[in-house]
């Protein structure tokens, strides 16, 4: 059960944990000494003459990765959760005899590090090199802010602080405002923080911490292959150069003017990894309709707007996604409380819109000077109400500006052109205004134009919005939820099924007419193209981003041929979960042109245009292939400062060499390096590639993971493309979202220090495997410490006690059941490891296995456990849990089982005998029946207690304190009503479809007078489950595969001892009914017995 109070727990007793941590340190040192995680392709000499298929059959391999982390901090538990999916898989794949490669690199490309370093420079200028003046400067800033707020209050009245945005001095969600405070919070000494003003210092500081954290976690990583991105590693830099050059030559990278998310503060595009908020959001394109002011309303005249615009023509600019409906404009809406401005676009025109919209326009070639925002005035939207404006393309050429409560200042321009025939929001609002003009402060004539038919649909006719308002019983503009639903229906119905009724394109389908109407409006200079972010996007430099129209290099994702081939790859890949497949399909449906270059941050230069750097999501799409050769280029050298065993230098890694290695391109002549060295690199790549699995958090599907597939399709032959991808949800801590500000957070280092590696790993495995959010429960982690400690001590005790355990042949029935249960759990656990379902692998390979052992220990207490089976269980239990918890497994394997080699080199256990399902079922029956017998006495005692309180009730003649015996009644036939039900199901079963016709079955049960019997439908459903589990024919046979009486005879000694019984008697129901006249044989009890479910009767003797 989750620790729902979401507070970190404090460990009171740490002795057991410390004992386990000491073991973990011991065996990690052993693994490092033995270099057990260093994995290489087989020697070239050993595979001479073999085809690739023959090589992999003789030397099977597995290659798994997860997205390398960004090095601007330490790994948190969320990282560990995603990492664990590959880590556990690596451990399991090793046990299949495969060369399992799990490498790890470090991502440093992009803005975050450079932006943080620049922040530190500014903070050092403000507060001093060691931030010694922080308190004094901070107090001054606070006083200045308070004075400014006071002035605003005196001028405008009290501020509604509940709606105010956080200012610069307000703490972020981390609780820290400044970069130096963030570094202090992760234990960077204040005296060392100045070093982080150099971006390259981050690259030196954080990767060693991550490596140490991984090591303490027990990760099976081949660290020889580690690397940094960017020119910080010149070998990787040449790899990115080859990648970008090839994409450029293939026409996948293009140059042109396009919309992109842009940070004015940073002066460059702001891609997903450059954002602190708004990841996966892109530009939203609109048609901006220019509604020229024809006559100012009284409020606008009073505000002297006409006198303050320098003789410019004034346009209210409305952003619309539906230009084809502009023929039906009846008015224009503004938010009465929203702030609007008059913004000079040039010497002749000025636009009325929100400042946010004007800021976007300033970077889209709409203003006279790029980035310039020339605001002439600011006022509330209420000032504009009653102004008459021209309505481009509308049947009614001039309309009035009216108030609308639901206008959003954060979407569009703040100006909404109203088409009540096709917009439910417009229709509902206009209706409200027309009903109560005085209440809304307007003249009735301003809202007098009725909806104008613009398009027709088969379902809703010529006026889709009024029809939806009526059918959905929407009363007013305040019915926001219903209006949102109606809006979606109206848009889809109009777009896909609508036909134009008016205008130049009358009779044309809306889907075809929409772009044509837009084009005509722009040609007539009555509209223009406008775009803005789909939602709020904040850069890592704390800048609110805009959409900019700019010339840039971009990857042409979405191009028809490239997309189709990528879709084909996705359709053939193993994605493990339906949700993941749907996410990829959805992303491929919308993803298009992606800016791949920037001018600020860290990164490799764009080879043909070196003023630009490759952005962070474009240099990290195929780096998995680089892992295969990294150890030969710069073994154990993260920055490539030390050449690897082949002695290759970065300048020798030309595009032609990379093409030869990865794509079997022609070997260059002359060559910068000997062919045998290139062949050694190619041999490693050909052996390990393609990637077998990539595991990631689900939020990388819309960018990194899809980019990865696109780039593999473009750059690699078909047989080198990824085979599978797996995604997981986010990790909660104690049932709540992790947050430093609330104290509910845990880094990987903190977790392993607090609970030890194995307890942490067990808890991560138990957290969940789907795309929904998982939960790391600290109480479970603490319980795992005790569980592991107890298991280790038990194994040690059993080894000491082995000579005293039962020896010789395994003749007991319980021996047989125990052995088959062990073997069955081997197979079940393996199926879950194969499916990457670690929660269930843990359930069966750890918890259920211990439950089976506990039962065996209890039920054989009179004869002792068999020594061979105890040792077999210890060995199996150790091997089954080792992928998840390798440290204590290694201890048992090496110390108690005395293996000369590491458990990291052990193979998956083979069951000692084929699993006998009958034996397994008999074991289930045995435990279930014993529980039934225990429960029967409990029920009887409760009945006895109740009978004492009822004067007229017949007392129950049983005293649990006196000597007692139990009679067990075993049935060989089923009740007649059940047999009738089964016969009905048989008659309604179709073997071809393997389905039961439920409706027909219910009719037949009714005809037989059974449908009202409360026992029937639960039995009906349970029987169908049995059909699904065991197959229809097995279920219909209705016979037990074992003798109940024989099983009960086996457990009789245990029952006598554990329940303190004088005797246990077993009768068939037939024999018992013949004795019903005798004392202690009760017909009502005997009649409840069914095959597999005996009846029980206690009595005093």
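Our numbering is plain: 1 for the first residue shown, then up by one each step along the chain.
A Cβ is built for glycine as well, from the same backbone N, Cα and C atoms used for every other residue.
Annotated features, as they stand in TrEMBL:
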type	residues	note
DOMAIN	59-125	domain 'Aminoacyl-tRNA synthetase class Ia'
DOMAIN	212-776	domain 'Aminoacyl-tRNA synthetase class Ia'
DOMAIN	815-937	domain 'Methionyl/Valyl/Leucyl/Isoleucyl-tRNA synthetase anticodon-binding'
DOMAIN	970-1034	domain 'Leucine--tRNA ligase RagD-binding'
Using a Cβ distance cut-off of under 8 Å, indicate which of 212-776, 815-937, 970-1034 has the most pairs with the domain 'Aminoacyl-tRNA synthetase class Ia' (59-125). 212-776
Tally of DSSP helical, extended and coil residues in the domain 'Methionyl/Valyl/Leucyl/Isoleucyl-tRNA synthetase anticodon-binding' (815-937): 92 helix, 1 strand, 30 coil
Quick check on the domain 'Leucine--tRNA ligase RagD-binding' (970-1034): DSSP residue counts for helix, strand, coil, in that order please. 40 helix, 5 strand, 20 coil
For the domain 'Aminoacyl-tRNA synthetase class Ia' (59-125), what are the DSSP-based totals of helix, strand and coil residues? 34 helix, 13 strand, 20 coil
Return the average pLDDT for the domain 'Leucine--tRNA ligase RagD-binding' (970-1034) as a whole number. 88
